[in-house]
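So that you can see what the record holds, here are the features copied from Swiss-Prot:
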- 1-26: signal peptide (SIGNAL)
- CYS97-CYS152: disulfide bond (DISULFID)
- CYS115-CYS167: disulfide bond (DISULFID)
- CYS122-CYS129: disulfide bond (DISULFID)
- ASN130: N-linked glycosylation site (CARBOHYD)
- ASN142: N-linked glycosylation site (CARBOHYD)
Amino acid sequence: MMRTLITIHPLPLLLLLQQLLQPVQFQEVDTDFDFSEDKKEEFEEYLEQFFSTGPTRPPTKEKVKRRVLIEPGMPLNHIEYCNHEIMGKNVYYKHRCVAEHYFLLMQYDELQNICYNRFVPCKNGIRKCNRSKGLVEGVYCNLTEAFEIPACKYESFYRKGYVLITCAWQNELQKLIPHTINDLVEPSEHRSFLSEDGVFVIPP
């Protein structure tokens, strides 16, 4: 039977065999869907993280607004706040749960202005951070279960304190923009003081 097929239809069978023996090739994914700008950027970021093997893109203004800033709604002291918001905002790193995360109840312009405040030591004491001048309400999320999405489980902690952030220069905007939220330090735990030159210092 096989010999008969090869004799009668040699060319189609050879072409089919050639296609089957070719290595699998991934085609470029068309992302030109009818999305809003926020959703389009979020979808492109998802595809980049899924296919990329290198470092992720630096955060943009829209990414910071989407992942960090929150509006009044669910009570900030709700026990499930982090589990709800982290899933809703797709907060993860290369499909793995983030070890910790901060949500801040403030406007983006207020957060960006912190980039121009004085430097203070970061939480780990290694880098320099910028500190907010006033107290900010927010939620600290700490990973308690699982390492891969969507099984991430977090413990939620309401905080009202000083925000410590790192900032990065963005060429497109020609401005410093928030890069990471390093800590949200409550005054009662802060034991802060000003050094002789007026710089805010966090004791070890």
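The backbone N, Cα and C atoms fix where each Cβ goes, glycine too.
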- request: Using CYS97 (disulfide bond) as the reference point, find which of the recorded positions CYS115, ASN130, ASN142, CYS167 has the shortest Cα-to-Cα distance to it.
  value: ASN142
- prompt: Which one is closest to ASN142 (N-linked glycosylation site) in space, judged by CA to CA distance, out of the recorded positions CYS115, CYS122, CYS129, ASN130, CYS167?
  reply: CYS122
Spatial neighbours of ASN130 (N-linked glycosylation site) among the disulfide-bonded residues CYS115, CYS122, CYS152, CYS167 [C-alpha, 10 Å]: CYS115, CYS122, CYS167
Task: Sort out the sequence-distant neighbours of CYS115 (disulfide bond) for me: same chain, 6+ apart, CB within less than 8 Å of its CB, listed by position.
output: ASN130, ILE165, CYS167, LEU176, ILE177, PRO178
Field: Residue pair CYS122 (disulfide bond), CYS152 (disulfide bond) - Cα distance, angstrom, rounded
entry: 26
Task: Check the glycosylation sites ASN130, ASN142 for other C-beta atoms within 10 angstroms of each C-beta and report the one with the most.
output: ASN130
- request: Have a look around CYS167 (disulfide bond) and count the other CB atoms within 10 A of its CB, chains all included.
  value: 19
Statement: Between the C-alpha atoms of CYS152 (disulfide bond) and CYS129 (disulfide bond), the distance in angstrom, to the nearest integer, is 28
Query: For CYS152 (disulfide bond), what is the tally of other C-beta atoms lying within 10 angstroms of its C-beta?
result: 21
